[in-house]
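Step one of this worksheet: look at the structure below.
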DNA sequence: GATCGCATGTAAAGAGTTACATGATTTT
DNA sequence: AAAATCATGTAACTCTTTACATGCGATC
């Protein structure tokens, strides 16, 4: 749905091969939009058909083919068009909330285990998000560095703050969820 | 993925036809888990094959067939098993965050429009969630009323508070998102 | 020479969306 | 008589996941 535009947005920073995009969507980008390799390669060919990206065939060593994709002017126009399109919230599906709705049917100890494990997992993520946020603010992530090269220096701070702010949301939302789990723990135990 | 268990959880309150389940997943339930009619009917037959639900064939009027599904003891065991299973967070995909990440490429006015519309839409939802939360606390929703009939009176308050707490999360998360959009508005405008 | 990273592809299955299709019963 | 609601079904499509499959190049 939004994957084509996610790819366009990444390629706006610098040209990449399918492999590099795959790695990127498995690492940093996965906090905002995940995509496995099997989605990326076919989509790149589709995007090329649409004229939004352009692949340059290269050689790595003597025999290994690689295709480096760049965003085209048409692609950038499309990205900008999509950015101005109203955001439609997708239909909601939250497995934890669904479970919580029925926790009165399970043993309190089981519910407790589920909630505590989730709190721990969130803690992990919060730390990763915070680390990445700090790197963005310091303009130290590899992709942001590339991206800023094509922008006037006076905009650098604003751009990095905007990207960091996205991770700020993830952090705050994670903390809210932890807090909520904590409260749920109390609710499943009181009789 | 979790739809089978969502259905089991609903049927635990009372038996329903596919039509009633469809309506329920289009109304209240959609805030936690959505499902269209075309998913529900085939799934009910699958759940019956698994022995988790049981369909009773009835007649409405003289000619119209209806099948009312109830949860079986096996189904209730399965629901309880699933409740104790650790919650796996699904891969993240947030179209608004994705857009925000690239807002530095669009005209500030376009980004502003997207953010303001989202704030308004969230306001709408927050009001709906709040209304439903109040009804749950007052034990006035039709399904909760049915559900409480099979529970000792001393548990009623705890159960309704647990369900209301789920909507509490939705409300708080919505407000956090509104707040974040507000901050993003400032970020896209400063130069 | 073995291992790891780079690089690209497809196949099959599952989950979810949108649309089409039909007919009975109840309410206005 | 018309409109709304009750009731059930399928078809086609898109998106996503998991798995299988292959081979080159660089490094240890």
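Using N, Cα and C of the backbone, Cβ positions are placed for all residues, glycine too.
Per TrEMBL, these features apply:
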DOMAIN    B:7-80  domain 'Transcription regulator PadR N-terminal'
DOMAIN    B:93-187  domain 'Transcription regulator PadR C-terminal'
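For the domain 'Transcription regulator PadR C-terminal' (B:93-187), the DSSP counts in helix, strand and coil order read 83 helix, 1 strand, 11 coil. Residues of the domain 'Transcription regulator PadR N-terminal' (B:7-80) grouped by DSSP class, helix first, strand second and coil last, total 40 helix, 19 strand, 15 coil. Confidence annotation: the domain 'Transcription regulator PadR N-terminal' (B:7-80) carries a mean pLDDT of 97 in the model.
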